[in-house]
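Participant: Pulled from TrEMBL, these are the listed features:
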- 5-319: domain 'D-isomer specific 2-hydroxyacid dehydrogenase catalytic' (DOMAIN)
- 108-287: domain 'D-isomer specific 2-hydroxyacid dehydrogenase NAD-binding' (DOMAIN)
- ARG237: active site (ACT_SITE)
- GLU266: active site (ACT_SITE)
- HIS285: active site, proton donor (ACT_SITE)
Amino acid sequence: MKPSVILYKKLPDDLLTRLESHFNVTQLSDLSPETVKQNAEAFANAQGILGSSEKVDEALLEHAPKLRAASTVSVGYDNFDVDALTARGIALMHTPTVLTETVADTMMTLVLATARRAVEGAERVKAGEWKGSIGPDWFGIDVHHKTLGILGMGRIGLALAQRAHFGFSMPILYNARRHHKEAEERFDARYCDLDTLLAESDFVCISLPLTEETHHMIGAEQLAKMKPSAILINAGRGPVIDEKALIQALQAGTIHAAGLDVFEQEPLPVDSPLLEMPNVVALPHIGSATHETRYNMAACAVDNLIAALTGDVKENCVNPQVLK
Ligand code: 8YV
């Protein structure tokens, strides 16, 4: 008999067919307590789960005693209690490589859009405000040759450094847990401590996962160390920034602008003060959201689940210690 799995995300037809050729698939809309209650038998039998963005913690795992693998359609896994999974011998699989270039493109989009005031300008054109040759009240600031600081030199940070170095002739500073030889050799990136990065960068770009260590890593104290002309970019996870402190810094004008793809609460509440600020570009968590990349992420997640449940994992496992 095929192993049973729960799918809690829509998949393209061909990928669903592939998943169904290996498993008995129960498709659900989410992993909420109500859904779990209504589908108790499916959870009791499930050996695998596949989806994204839902919380997977001890309370959920108690309903799924046979679970052996969880496969997320994302690189980030802060919504999983990894310790609880590991304690139960459940492999957590993610999609770290297929989205790298697309997320780096999103970060560069935010750099350009904030510096050149592209969204604001486009809105003013639509509002009929473009009535003649534009003056300084429409001008932005240059991106090329400015200093780009990267927090977190993982795959995405490296892809951003590549764009900034070769495409925009930008000096690169970075702060990470360890030195990154490739970034230094290929893109002339200079390792520095957080305070130096904040003080010297024209763009401070956050490409960090959310962990206990990175939660509110950028708060009032750190924002105060940035140049008044500097722009803060975040395409990692919202809670890495203390959003209240960011709003205060923007309101006080102690930093120039912010480009944000992620927020402390998503979707961003419509009454967020961030939405009233012309110098904030707020995107709806589009980091990896292209047709190509979302397809590739889903395909990777399907392959990851098949590998995990057939005992053939070669990559993409967050807690490989559970694999025997
Ligand atoms: C996805 C992401 O938007 O991979 C991640 O960690 O944040 C995004 O690429 C999200 O998880 C939905 O699939």
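Every residue gets a Cβ built from N, Cα and C, even glycine.
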Participant: Measure from the CA atom of the residue listed as 'active site, proton donor' to the CA atom of ARG237 (active site) and give the result in Å, rounded to a whole number.
Facilitator: 9
Participant: What average pLDDT is reported by the model for the domain 'D-isomer specific 2-hydroxyacid dehydrogenase NAD-binding' (108-287)?
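Facilitator: In the predicted model, the domain 'D-isomer specific 2-hydroxyacid dehydrogenase NAD-binding' (108-287) has a mean pLDDT of 98.
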Participant: Identify which of the active-site residues ARG237, HIS285 has its Cβ surrounded by the largest number of other Cβ atoms within 10 Å, counting every protein chain shown.
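Facilitator: Result of the Cβ crowding comparison: ARG237.
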Participant: For GLU266 (active site) and HIS285 (active site, proton donor), determine the Cα separation and express it in whole Å.
Facilitator: 8
